[in-house]
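S.K.: Okay, handing you the structure first.
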């Protein structure tokens, strides 16, 4: 068996190069075997692209990244056109290689020490009132990137004192307590960490992650910050059953998670995990009813829902589908 070539710093691996490095073999999808996308997943493009262009230019000018672009989110046009974006810090190269995700894998460069200030200024220039800050996984860093998150939050609030900040964090594998100690110095307004799928599907979908670790991260943050909402997101269409997803909802509530996002998995390329089913809007409605009945304060459930989709409205408890 040939060993994978040594990763070079700053080089992005995508598609076949990326998924070839995971323990589960992903067979490229053939066009004739791919499920036809249903009508309810058609995205209406905005009449004007000027706002989209402006946001992209602001990101490029300051060397910043948005997960909207890096992960090929289907809602990019809508969110950018409404003047919202989810900023991705710590670079655009992830140390993990999840085969559902379109973010590049590789050996990241050293974190940009000026990124917190550049991010804060960009947010001020964009006149945003609510921002989501996420990151790639940085298993190469001793604290998993926690201090960089705290630095970004501090700088953002210095220039934008009225802003609300949601963090969508990685799992801080093997360093949860140390990371939470650091984050406690600059806690967000909403703490989000995605479970992504049911535990039976972790080996194929989230190599390197652990279902219980992710639950523990959410619970431990809530124990330290009982007044800050905790949130998690899941995808459907990776081979799970509705019953498996229902059990995940019960597990989240048992770990004091209050907010939920539930959406349809969409295959970024033929080299990624195939979509095994398209979940109907009616099924999402049923799971939303279950979530609300077991105590979630807000559940955004629908085919195009993503963890940061209209996050400001989610935080206000408004309907998002």
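Glycine residues also receive a Cβ, built from the backbone N, Cα and C atoms like all the rest.
Sequence annotations record features per position, and here Swiss-Prot assigns [4Fe-4S] cluster 1 binding site to 68, 73, 79, 308. Annotated [4Fe-4S] cluster 2 binding site per Swiss-Prot: 94, 98, 101, in sequence order. Annotation source Swiss-Prot lists domain 'Radical SAM core' at 80-297, citing sequence analysis.
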S.K.: Within 8 Å of the centroid of the Cβ atoms of 94, 98, 101, which other residues of that chain place their own Cβ, given that this set defines the recorded [4Fe-4S] cluster 2 site?
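M.R.: For the [4Fe-4S] cluster 2 site the neighbour list reads 96, 97, 99, 100, 102, 103, 105, 136, 137.
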S.K.: Which whole-number mean pLDDT does the model give the domain 'Radical SAM core' (80-297)?
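M.R.: Summing pLDDT over the domain 'Radical SAM core' (80-297) and dividing by its length gives 95.
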S.K.: When you measure from the Cβ of residue 94 ([4Fe-4S] cluster 2 binding site), which residues in the chain that are at least 6 apart have a Cβ under 8 Å away?
M.R.: 101, 103, 104, 105, 106, 108, 136, 137
S.K.: Indicate whether residue 308 ([4Fe-4S] cluster 1 binding site) is helix, strand or coil by DSSP.
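M.R.: It is coil.
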